[in-house]
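Listed in TrEMBL for this protein:
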BINDING   19, 65, 187  Mg(2+) 3 binding site
BINDING   19, 35, 65  Mg(2+) 4 binding site
BINDING   44, 239, 299  substrate binding site
DOMAIN    17-117  domain 'PurM-like N-terminal'
């Protein structure tokens, strides 16, 4: 997409490449963050979800991007494209819930639009935020050789409920940004099997110890139905909306984990390390302590 846009697309972090674009803010010591994510009927939700659940998912998946940058949300713009058959009641319930979600996260909805589209229902949200004063945004692919890799929460099996009912890790991301220990961070939206590359520098390897992965109970339930194994679902289901991050190689992990537990009830798991390779321009994934052969590729868009 960046190639198609040509010179209209600046380089990261101002342009595409991180969870949010980083822009200059009017006030000093703060950077502005901008992200955009939709929910599309048939892709991100269906008739099994209420309009309230669809609205919550829309805002929360955008909040997760702000969290991955260590920022706080501020304002949003919402656009709806929908078939004329969609009832006014559905739209009203959607907007009421969106407003409640926004207030709960100190977000102001400042504009938007509604248009009709035959045989289509989609909601598109652009979310603005900012870094905390005197902190830098957490970027992708800026980890180093020997950086320990962590994930929050648990992974896999999100289709049962978590894909629409999750908590964006805003406080955790802000804490990481303030700590000065975090070199790289991203949210897990497309699955660990793909999103590991977001924190792995070009030419690097993300080495993951599968015995340390926080596999969810829902992933184990999915494995019983699919026969593909819990690890497959932990790597590939996507829409976990957890944080994956890499710390400075010299971090005292015992102190870090103790400080984390003092601050949060959110589970955090040390799952591996970043290893720097030479002579290659690709990122690689190495899995340790697994005997089961499976493809760890995550979710691929446009395939």
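Every residue gets a Cβ built from N, Cα and C, even glycine.
Listed in sequence order, the binding-site residues near residue 35 (Mg(2+) 4 binding site) (C-alpha within 10 Å of its C-alpha) are 19, out of 19, 44, 187, 239.
For the domain 'PurM-like N-terminal' (17-117), the number of residues in each DSSP class (helix H, G, I; strand E, B; coil) is 35 helix, 37 strand, 29 coil. The 10 Å shell around the Cβ of residue 44 (substrate binding site) contains 19 further Cβ atoms across the protein chains shown. Apart from 19, 65, 187, the Mg(2+) 3 site neighbourhood in this chain, defined by C-beta within 8 angstroms of the site C-beta centre, holds 18, 20, 35, 64, 66, 67, 68, 69, 186, 189.
Cα spacing between residue 65 (Mg(2+) 3 binding site) and residue 239 (substrate binding site): 12 Å, rounded to the nearest whole number. Same-chain residues at least 6 positions away in sequence with a Cβ under 8 Å from that of residue 239 (substrate binding site) are, in sequence order, 158, 159, 162, 163, 189. The CA atom of residue 44 (substrate binding site) is located 19 Å away from the CA atom of residue 19 (Mg(2+) 3 binding site).
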